[in-house]
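Features reported for this protein in TrEMBL:
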BINDING   D277, K287, F323, K339, K343  CTP binding site
DOMAIN    3-171  domain 'Flavoprotein'
DOMAIN    178-396  domain 'DNA/pantothenate metabolism flavoprotein C-terminal'
REGION    1-182  region 'Phosphopantothenoylcysteine decarboxylase'
REGION    183-401  region 'Phosphopantothenate--cysteine ligase'
Amino acid sequence: MFILVGVTGGIAAYKSVHLVRLLVQQGHDVHVIPTDDSLRFIGLTTWEAISRNPVTTSVHDDVARVRHVTLGQSADLVIVAPATANTLAAMAAGLASDLLGTTLLATTAPVVVAPAMHTEMWRHPATTDNVATLRERGVLVVGPADGPLTGGDSGPGRMSEPDDIVAAALAAVSGGPLSGLRVAVSTGGTREPLDPVRFLGNRSSGRQGAELALDAARRGATVTLVAASVDAGVLDAVAAHPRATIENVETAAQLGEAMGRAAASADVVVMVAAVADYRAASVSERKLRKEDGPLESIALVPNDDILAGLAAARRPGQTVVGFAAETADDDLLERARRKRERKGVDLLVVNEVGWDTGFGAGGNTVAVIGAEGAVVAEATGSKAAVAGAVWDAIAAARGIR
Ligand code: CTP
């Protein structure tokens, strides 16, 4: 592979000598692009000797070959290690003030950054925002690790070890452990209309399903996310991912149809959406008015159980995963076990909901029930962390390591 290694001005640059060496030893064609500032730490001669390729820092060298564009265009992979707070800010802003900046704008290859800085700088809201922006654009952020820093202090900010950066970067190119897998995920809460302006709905934010879709895409899967009503901004990162497609729906019936289509070619089906169990028996064509007389009841009819239907119709080798939102009480797990059997799914992820937990909340606590009702995974944390644990359980159930 043609690999570019950007080296920016931090003391961790010395570790990148080993990183370049590892890549060269594995047979890759490695081109180092140091920033001027980084040359105070490691000189040009070292990079040329280790990479076995000429090294320059300037857009004005080799102008005839338009070096700042050709390097970026030729790259199969770009690694920036160490990535200083300044470099992350420049990348987020799209600055092209040196050869590394222009190259990063010219490339369509996967970009991996290994941040290195003091803890205070890493935790500064500006850095947090810049890292979030880069992640949304698909940049893979490796580390930083938690440990002793150069100033004698300790905390998150240490550049990850070169072996870890190389492993993560090569996995990013090969597409990750779920590469080739087709995944269908549903999320959000359905809205069942009563008249043109009113509906029966629920409090689902769609966040957990969006995190599941995003995590699968980042692990290499091709993802269809069928989204009923979700909170603002929840789908942004999924929409930005090149391996994810979003289909927006409103009612349970529409969600069922869209999931049916997506499931027809999916290897894994995950139903996270909060689907209304009932819809209005009849939907008024015009707005219901008070002058029509008092509305004392609304006649409801049951919706199909989409998950049970998908499980019954599953393709050979397909894994079907359901979610169950249960309010906490003594037999939460027992009820979840019965629900898994009743719906005929491979895995049931049970999460506790209440007035201030589960729906809409930032974090989640889940248990994953597998064959014979065994608890195969448990996780508590952010919805992103829970999504990771659920995919670990799905991958384990499919024998993916
Ligand atoms: N689900 C579905 N179709 C429905 C209702 C629910 O596909 N009409 C799916 C949800 O997406 C979720 C799972 O079924 O994956 C669990 O839903 P839940 O409402 O908890 O299950 P119910 O069978 O409705 O049980 P309960 O009576 O406890 O609400």
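The backbone N, Cα and C atoms fix where each Cβ goes, glycine too.
Annotated features taken from TrEMBL, shown on the structure.
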residue: D277; record: CTP binding site; DSSP class: coil
residue: K287; record: CTP binding site; DSSP class: coil
residue: F323; record: CTP binding site; DSSP class: strand
residue: K339; record: CTP binding site; DSSP class: helix
Lowest local Cβ density among D277, K287, K339, K343, which the record lists as binding-site residues, within 10 Å: K287
Max pairwise CA distance, angstrom, over record-listed CTP binders D277, K287, F323, K339, K343: 38
Confidence summary (mean pLDDT) of the domain 'Flavoprotein' (3-171): 90
Surrounding CB atoms that lie within 10 Å of the CB of F323 (CTP binding site), all protein chains: 24
